[in-house]
Amino acid sequence: MCPIYSSFFGVMGASAAMVFSALGAAYGTAKSGTGIAAMSVMRPELIMKSIIPVVMAGIIAIYGLVVSVLIANNIGTDYPLFNGFIHLGAGLAVGISGLAAGFAIGIVGDSGVRGTAQQPKLFVGMILILIFAEVLGLYGLIVALILNTKASKGDCHASCYNPCCPTGQCYDTDKNQCA
């Protein structure tokens, strides 16, 4: 089935992938950035070392961009409703997991950078926690890519089946008989 509104779901999936991932990345960058700004007053030599949470937050948006481009490239005139639902699910998977990962990276980055300024031994622990936060977005990317491969290249016409005909073939209304 290819109703005219089926592409709406695909476009919403592409939009959700980009918007939610970018929101997560923006929050993670902003929250980590405030921690870096506060830390740099006390320990300016640690600024470059403290940029890691900002970089990791930015990667989340790339996950959303990849899925969004993949979805957008599949949308066309003969676009089955099944594909629209699959692409909506893929976009939401990467987008919402990217939003969650961005929030986690922002909070960990802010506190971790401030803590590392006071106790440098916390740096390795902060990096490990950031990796676990980042992997949440990566899980969403993996699910979205798997879902995207499930989209069919099928046609938009349902196969004819009529349980009232002896072999299940189509019913010809012009001839008033099973075709």
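Heads up, the Cβ atoms here are built off N, Cα and C, so glycines get one too.
Please treat TrEMBL annotations as automatic predictions, because they have not gone through curation.
Record features (TrEMBL):
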TRANSMEM  6-30  transmembrane segment
DOMAIN    12-71  domain 'V-ATPase proteolipid subunit C-like'
TRANSMEM  51-72  transmembrane segment
TRANSMEM  84-110  transmembrane segment
DOMAIN    88-147  domain 'V-ATPase proteolipid subunit C-like'
TRANSMEM  122-147  transmembrane segment
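If one looks beyond the transmembrane segment (6-30) by at least 6 residues along the same chain, the residues whose Cβ comes under 8 Å of a Cβ in the stretch are 53-54, 56-61, 63-65, 67-69, 71-72, 74-76, 79-81, 83-85, 87-92, 94-96, 98-106, 109, 137, 144. Counted with DSSP, the domain 'V-ATPase proteolipid subunit C-like' (12-71) comes out as 57 helix, 0 strand, 3 coil. If you average pLDDT over the domain 'V-ATPase proteolipid subunit C-like' (12-71) in this model, you get 96.
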